[in-house]
Amino acid sequence: MLRNKTIVLGVSGGIAAYKAAAICSKLAQAGADVRVIMTESATRFIAPLTFQTLSRHDVIVDTFDEKDAAVVSHIDLADRADLVVVAPATANIIAKMAHGLADDMLTTTLLATTAPVLVAPAMNVHMYAHPAVQANMETLAGRGVLFVEPGTGQLACGYVGKGRLEEPEQIVEAIHRFFMEEGQLRGKKVLVTAGGTVERIDPVRYLTNDSSGKMGYAIAEAARSMGAEVTLVTGKASLSVPNGVSVVHVESAQNMLEAVLERLPGSDIVIKAAAVADYRPVEKAVQKIKKNEQEMTLTLVKNQDILQTIGSMKKNQFIVGFAAETERIDEYAMGKLLKKNCDLLVANDVTQEGAGFGTDTNVVRIYDKNGLVRALPIMTKLGVARELLTLIAERTVKGEGTNK
Ligand code: CTP
């Protein structure tokens, strides 16, 4: 899997730097061409010679220590990398990355590379929880940087908590997973809908729902990192759009329907994670409604079902629907899948802990027209997105869902 892959391993200065030797060794054994860059402070914890011996390449610390006159080292490494891994990543290097600083070989290479970057943080529990560190990581995640979260346990500083570098085996597994997923959806045009729709009553009031958009945004992010060209049609959601994803903002179910219909012919895969309002007010007042009567009645009219509409007119598209249920999951999910002519349907029982609106996790069951395909345990929404997209990728490789 890692043969012919160039992995730049950036080692920054924390006590966990010694664990990077195991990462380097495992990657080299798996056939990767590993190029190690260390920060000055990392060399205080572990000798460059260790990495040089394990990777069988020179280790670079100093930006100006150019060994080959034919190339500029940091640009050469930045261009050559298939993946840059920073492990351990200290709070300092994370801050520098977030702010675009380039004051040593590692940060300069990180700024110069267009390769995907995977970061494995390691630091004291309070440092990790510090809003500055969290904000920096969010900024990086928003730019598409991947993270291997630190583990929880005894820290070198004496504290017990979250901040310990994830075990080398787990980091190497994340690297394997990255290369396995990468490119699975290359060439595919994926249309994702997310968030809740907003149905106006008057200029300042509306009907909406609790959808956070997290599931749909996670799907867009994962599809992008699997090589797809992704368009996200989003209703109400207060999330940042994943890097490299085209976005179309819509308000009502009708706007969403128009946006989806316009893009359907050019899409290979359509994933409808949005929580679309089933009804809208018959009338939208042009001016703010004044309070007069003791009671007021709002008459609602049914919205057109977007999923069902595209299900009935699909040609080569692979269509995935979602269903939020509170009871009789299998029965309702299969009913929706057949009625709306979906290729897959993802159902979640929103009454379950860790599932549904607003949470970072989800518990889903995935169906095709023959019944249950997969029942996933509680996972992060990004994890669910990856599982779902892997399933879609398997089912679309043979031409189905390919729109030339
Ligand atoms: N959906 C849609 N257009 C609508 C309503 C729903 O495209 N007007 C889509 C959602 O995006 C989702 C799926 O239909 O992919 C299921 O939505 P859900 O609200 O669970 O199902 P409904 O068909 O609306 O059924 P009910 O509300 O009766 O459970």
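Keep in mind that glycine also has a Cβ here, set from the backbone N, Cα and C atoms.
According to DSSP, CYS157 (active site, proton donor) is assigned to coil rather than to any helix or strand. Annotated active site, proton donor per TrEMBL: CYS157, in sequence order.
Sequence-distant contacts of LYS336 (CTP binding site), defined as residues of its own chain at least six apart whose C-beta falls under 8 angstroms from its C-beta, comprise GLY321, ALA323, CYS342, LEU345. Here TrEMBL flags ASP278, LYS288, PHE322, LYS336, LYS340 as CTP binding site.
Here TrEMBL flags 5-177 as domain 'Flavoprotein'.
Annotation comment: TrEMBL describes 185-394 as domain 'DNA/pantothenate metabolism flavoprotein C-terminal'.
Mean pLDDT across the region 'Phosphopantothenoylcysteine decarboxylase' (1-189) comes to 94 in this model. As annotated by TrEMBL, region 'Phosphopantothenoylcysteine decarboxylase' applies to 1-189.
According to TrEMBL, the feature region 'Phosphopantothenate--cysteine ligase' maps to 190-404.
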Which listed residue (LYS288, LYS340) has most other Cβ within 10 Å, given these are binding-site residues: LYS340
